[in-house]
Amino acid sequence: MAANTEQLTEEQIAEFKEAFALFDKDGDGTITTKELGTVMRSLGQNPTEAELQDMISEVDADGNGTIDFPEFLMLMARKMKETDHEDELREAFKVFDKDGNGFISAAELRHVMTNLGEKLSEEEVDEMIREADVDGDGQVNYEEFVRMMTSGATDDKDKKGHK
């Protein structure tokens with residue numbers, strides 16, 4: 001597990017130490033789980049509440065609700081790896097979002113899939129949009145796109161009673 005932190009540069013470690021110290025209000029060498037979200041956001045990350053809970057349970061070995069600096073470093077090393085993946089997803093989203101309005105319409109999805117050699121029927125494209133479109137606005141925003149790409153939402157057709 002510690003091998004993750006070996007890929008961090010001294011500069012990154014110093015930056016994380018600074019951020020950590022900023023939120024270690026009482027200077028006892030630990031930050032509370034509530035403060036973790038604030039620390040992550042200050043470093044350009046944008047974790048959801050669920051992601052924060054997952055991260056905390058991954059590194060809070062003794063379950064005391066606080067994270068010490070070595071645990072924090074491991075966490076940040078892990079998040080840096082995920083950020084690379086996130087950059088790739090953002091680039092992919094831009095490919096689909098032809099007009100750059102922050103949403104993927106059925107027409108945009110159909111256009112890109114066709115160019116990729118995927119000949120999809122109207123129904124298949126509409127189905128992909130429906131499954132990814134969590135807020136029901138008929139388009140796919142970035143969060144929905146990420147969820148679709150990381151959870152394989154389009155593979156769940158059979159589970160939703162589609163026969």
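Every residue gets a Cβ built from N, Cα and C, even glycine.
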Given that Swiss-Prot lists ASP97, ASP99, ASN101 as binding Ca(2+) 3, which residue among GLU91, GLU108 does it place in the same site?
GLU108
Quick one: what's DSSP say for THR66 (Ca(2+) 2 binding site), helix, strand or coil?
strand
Tally the residues of the domain 'EF-hand 4' (120-155) by DSSP class, grouping H, G and I as helix, E and B as strand, and everything else as coil.
24 helix, 2 strand, 10 coil
How far is it from ASN64 (Ca(2+) 2 binding site) to GLU108 (Ca(2+) 3 binding site), counting Cα to Cα, in Å?
48
Residues from the same chain, set at least six apart from the ends of the domain 'EF-hand 2' (47-82), whose C-beta lies under 8 A from its own:
1-2, 4-5, 7-8, 12-13, 16-17, 20, 29-33, 36-37, 39-41
Counting by DSSP, what is the helix, strand and coil composition of the domain 'EF-hand 3' (84-119)?
23 helix, 2 strand, 11 coil
Can you name the far-off residues of the same chain, 6+ from the ends of the domain 'EF-hand 3' (84-119), with a Cβ under 8 Å from a Cβ of it?
125-126, 128-129, 137-142, 145-146, 149-150
